């Protein structure tokens, strides 16, 4: 396994409720949005992060090696290691992926070696297909696949513009100025990403973990219809799809105060799936246990912060390992003294840690008239 840069955000305000392994998107790195991880810490959620091979501080060889991953076969072993690294706790463990990372999270929930260790999967604007305006046709995809086998590390610019990432102009400018954020990647990573997404949709009936998918309606990078398709076909009976009107691609770094509403909604889902429960064996996947079936239904409702919410979820059976003894804490309103954040470049045998302190805005409770369309089918 290649050396991978890792950074763990464990400075929670009070008692930790859950732990998340976060997978960043294409062309990004985990230090690109520290305020997001700090906001999760404010909600008593620990976060373990890493720069994927070929990106950020895990990139080897400078800009000429941007997005050179070595191939799809190496990605899951990297993720196996990150999940094992984060499993040294009684806290329930969740896998949260954004964009390219969201597609990886869904695929790992289907066939990942350690998926039984997960209490649930959160796929944010997952890369299953490109937005219809940019989705390559069949012939172009076929050509890309063939050429990538001959010249896997040939660099290609996806031409994703920073202004399409979030409505927060200050964040867009910061991403544009960040030398480690780039729209360039290897032909191999593009080919793998597109082909993996198509196959993941086909395999949706084999997904049996608790599932939350979130997508912005104004995302013009990835296809929200594909997210909905995966949700509808997923084998799990514990699944929720949330659609946020007006949100761009990166929901976790959207403009304030709407981003706080978003994080509150996702945190509430994590809290709900962090409660201890009875278990029975799943017929579909005997290696995974799930809580005793329950059935509830709900109509579109308003969120606690007053933002109209349309949410669709279906929750009759949760097919994940029951979470450990962890009780949800209320969403804190302000920051407090915290444990140090650990940052390292890792190999499987060693984790080198140094203390860092991340400064970001606390996540206040929000009262706003903006809409957040979320669909709940229980």
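Keep in mind that glycine also has a Cβ here, set from the backbone N, Cα and C atoms.
Looking at 87-91, 92-96, 97-101, the stretch flagged in Swiss-Prot as motif 'GXSXG' turns out to be 97-101. Record note: of 162, 282, 301, Swiss-Prot gives the feature phosphoserine to 301, with no matching annotation on the rest. In the structure shown, the C-beta of 99 has more C-beta neighbours within 10 angstroms than that of any other entry among the active-site residues 99, 219, 249. For the motif 'GXSXG' (97-101), DSSP puts the residue distribution at 2 helix, 2 strand, 1 coil. Separating the Cα atoms of residue 99 (active site, nucleophile) and residue 249 (active site, charge relay system) is a whole-number distance of 8 Å.
Here the Cα atom of residue 249 (active site, charge relay system) is found 5 Å from that of residue 219 (active site, charge relay system).
Here the motif 'GXSXG' (97-101) has a mean pLDDT of 95 out of 100.
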